[in-house]
Amino acid sequence: MFIGWLVTSLSMFVLLMGSNLSLERHEEFDEETQQMITVTVPDEDSPSVGFFSSCVLLFGTGFWFADVMGDSIVAEKAKLEPESSRGHLQSTCYACRFFGLMVAAPFSTVFYSTYGPAVVIKIMGLLPFCMLPLVYNFWEVRDAEVKGTREQCGEIWNTVCSRAVWQPMGFVYLYNILQVGNAAWREFLRSVLNFTANQLNALLIAAYVLLYLGIMAYKYYFIKWSWRTVYVFTTLLNGVFSMLQVLLIQGITFGLSPFVFALGDDAFADFISGIQFLPTTIMMVHLCPAGSEGASYAMFTTVNNSAYTLSAAISTVMLGIWDVSKETLMSGDVSGMTKLTILTTFIQVSGVLFVKLLPRTKEDLASLHADQYSGSKVGGFIFLTITFLSILYAVVVGVLNIVKPGWAGESR
């Protein structure tokens, strides 16, 4: 955890010292309004795409390194909960986490609008640095017997060979990888609808608020539903909101301003994500073998996150199917944007076809564990192979985005 927060902090300080993050204000003539407007543009010494992306990559690597450690701690504590209340501890912890995101978003918006990006980057470097002394105050049994790497790897191998693991985690992987978004959406909001930075940040704030509300909705209401029902309901609902984006692209907003309309269909998708988040994490804790909760849960979250990362990489590659470049969008041709949105919506909804791989409840998951014929080395091998190949593919696409921006046909 110490290493993770250290890398996170240093990456932002390197970005601060290695580039000029100030913004310059210029007066420009807006042909649409026939008025002079003030725009902010980066300084000539602003960081290059490669340098900025590398710093963000290091920041994300350190952050997730520390985050996985925190998740592992929660997983070990959650295993000690009584069966009757299993899942409530995770619900509370993640509710606190997303509450922090919800509160931080408006502060970040105000700081960015008032002082520029440099202050935000300083805070992003300073806060992880403040975590470093606190890590040493974290209590843990230091003289406890620690299993060797070989033994832990053996336990993980036996775990992934169990049908009770590779079947539900297979669903998690397939479902997440199908959540392919429209990578040109933000460009459409900026270039065609002329959303300002403040409006885009307002969308982000609303998304975090609804994400938190989704977590709370599951904790107090949907936790009584079966896992399958939750996924079927939220997937179909997500499909409805995704199709509303097509209406926005075509300019059909039923009298609402584009910003208000986008606020509804874009942000409510995060409410749905919040509802889906907890069933997955609760299930992953149930899959962890006793004594290796941390390592197992870290692996399961890696599977979960690698599918999301691969999904984002696929969304980047899909930009080349139709012309959705900035120049095309600004010329008024949004046909490619419409087709891409429809395609990604159908891909996202198709995840519901695999819902039968998911156990209905914790009891169904326990019955899979109890089945003595549920083990399969082939299933375990396929599970790990797909996981590592997904990580490799996502890394390759990420590196290409850094060293060769626009390689997939997106705007540079």
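Here the Cβ of each residue, glycine as well, is placed from N, Cα and C on the backbone.
Record features, source TrEMBL:
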SIGNAL    1-18  signal peptide
TRANSMEM  48-70  transmembrane segment
TRANSMEM  91-113  transmembrane segment
TRANSMEM  200-218  transmembrane segment
TRANSMEM  230-256  transmembrane segment
TRANSMEM  268-287  transmembrane segment
TRANSMEM  307-325  transmembrane segment
TRANSMEM  337-358  transmembrane segment
TRANSMEM  378-403  transmembrane segment
Counting a contact as 3 or more Cβ pairs under 8 Å, with residues at least 6 apart in sequence, do the transmembrane segment (48-70) and the transmembrane segment (268-287) touch?
no
Counting Cβ pairs closer than 8 Å to the transmembrane segment (268-287), the top stretch among 91-113, 200-218, 230-256, 337-358, 378-403 is 200-218
Same-chain residues at least 6 beyond the ends of the transmembrane segment (307-325) with CB under 8 Å of its CB atoms are 172-184, 187-188, 333, 335-337, 339-340, 343-344, 390-391, 393-394, 397-398, 401, 408-411
